[in-house]
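Chemist: Okay, so TrEMBL annotates it like this:
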TRANSMEM  20-39  transmembrane segment
TRANSMEM  46-69  transmembrane segment
TRANSMEM  75-95  transmembrane segment
TRANSMEM  116-135  transmembrane segment
TRANSMEM  150-171  transmembrane segment
TRANSMEM  192-217  transmembrane segment
TRANSMEM  229-252  transmembrane segment
TRANSMEM  310-328  transmembrane segment
Amino acid sequence: MPQDPMDFEWSYWIEWGRERILWLLAGHLLVSQMSRLLVEKYKPWCLMVYGMAACWLLLGIKGFAVILLHAAISFAVAQFQLSLLTWLCSLILLSTLRIPAVEETKRKWYETENEYYLLLFTVSVRCLFCTSFSLEYCWRAPAQKSSHSFPWMLAYVFYYPTFHNGPLVNFDEFSKQMRREEAFSVKTNLSILIMGIIRIFFWWCLAELMIHLMYIHALYSSALPLESASYWALGGLALAQVLFFYVKYLVLYGVPGLLLQMDGLKPPALPCCVSLMHSFTKMWRSFDVGLHRFLVRYIYVPMGGSQSSLLGTLLSTALTFAFVSYWHGGQSYLWYWGTLNWLGVIVENGTKRILSISLIQDLI
């Protein structure tokens, strides 16, 4: 039975996974386990070299140079130890991905659109990693700068399991866990690997069944069946789409999450089932946990967050969603999406504040 071809993200990553990425992830696993077994002290540098080699192989010398240049520029700007300047640098580097002349130049480096998109997705995710490292560098005391050197930045930026699509791991978490030396057990790691592969294979089979049998995205791409459907049917289609999105990310984040565990690191929690969520706030906290931690640590809290005035909280939340919309591409529909999510979070938090008033509590 033919599959629904309209979900670009799933088809794209499955195709790349089968062709090269899964093999490169298997190579990372081999290098990681050998380095943990033989040279635990040098594990970060072994993985850094492997990540650089994998990047060179997939994206070519020019793609590798672009990512290295982004890291070098971010590190150079971080030397001024000004968070605002670091953010300005990050936004400028991110904006270069959307300059038509630059896009055309990069397209000419590759034979197919898929190769160009792989560079685009990788660089956009690397921008977040560079931002995380640079801000942590700005906030560290001079005595701690040795743990935030350029080699450590490269080890973080070129860490291969999270290289192309995430999940996002903040530098402070990555650095602490990567430096930690712990007892290595082949038997324990093997059991983690086998159970992890079984779970991911089950999720992949479920996603493939959904995309071969349900045709959710094909229905959404045509106005005629949507116009003739009842409201109950439209609600069912919406639920089916978000459920597929959830299962898809169990696979896309489950594979790198398993490798993080094999490397002795703690991955961000996998997405919670969307059927269990009833609020915008819980959705943002529980679906992409790595991105949520990034947004809270580097945007929401520094801007005042919930500890500031009502206006400050509104501004902090608005800037957070504005960045999310811009990072995802900045198209008009993404700004509408970000605005609606912002309004949803504001209404929920406002309702909670109203319900916490003693007079309202007494009435309840």
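Just so you know, glycine gets a Cβ as well, placed from its N, Cα and C.
Automatic, uncurated: that is what TrEMBL annotation is.
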Chemist: Taking residues 6+ outside the transmembrane segment (229-252), which of them lie with a CB under 8 Å of any CB in it?
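Modeler: That would be 7, 9-10, 13, 165, 200, 203-204, 206-207, 210-211, 214, 216-217, 219-220, 270-271, 273-275, 287-288.
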Chemist: Quickly jot the same-chain residues contacting the transmembrane segment (116-135) by Cβ under 8 Å, restricted to those at least six beyond its ends, or write none.
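Modeler: Beyond its ends, the transmembrane segment (116-135) has Cβ neighbours at 12, 16, 55, 58-59, 63, 66-67, 70-71, 74-75, 77-78, 83, 86-87, 89-90, 93-94, 97, 106-107, 109-110, 148, 152-153, 156-157, 162-166, 168, 170-171, 294, 298, 327.
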